[in-house]
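Worksheet: one structure, shown below.
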Amino acid sequence: MADVAETPLSLMSLEDELTCSICLSTFDCPVTTPCGHNFCQDCLLATWKETQRCPQCRTPIPTKPELKKNTVLSAVVETFNLSSNKTEDSLIKEEKKAEEKEDVIRDTSHQPPHSESLTLTFI
Ligand SMILES: [Zn+2]
Ligand SMILES: [Zn+2]
């Protein structure tokens, strides 16, 4: 039971873990530096050309880091993006439902109350 309640929190911290501190979006081809930090490959290489330091902890990276794609992290990012897209889709659907409801209310207010006149005819 406690596990279910904790799921949203762990998902939120997961988003932090999957966010590149250079471009502030989820990793695109994540790579790990020698100091253990993760960045998009393109982001890290672009920064490294200028400073030769880890953008996160400022550890000097004097030689061009031998970057290996972090396949595990990459798979996690993919899964995370998929699940967050699903959430957005359901939000959009809920918004549409709300709009439909508003339309129905507007329609009835515009039209004369047919049911009332029908009832009068029957009487
Ligand atoms: Zn990035
Ligand atoms: Zn670092």
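Glycine is no exception: its Cβ is also placed from the backbone N, Cα and C atoms.
Taken straight from TrEMBL:
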type: COMPBIAS; residues: 86-109; note: compositional bias 'Basic and acidic residues'
type: COMPBIAS; residues: 110-123; note: compositional bias 'Polar residues'
type: DOMAIN; residues: 20-58; note: domain 'RING-type'
type: REGION; residues: 86-123; note: region 'Disordered'
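Residue counts for the domain 'RING-type' (20-58) under DSSP, split into helix (H, G, I), strand (E, B) and coil, are 11 helix, 8 strand, 20 coil.
If you take every residue in the domain 'RING-type' (20-58) and average the pLDDT, you get 93.
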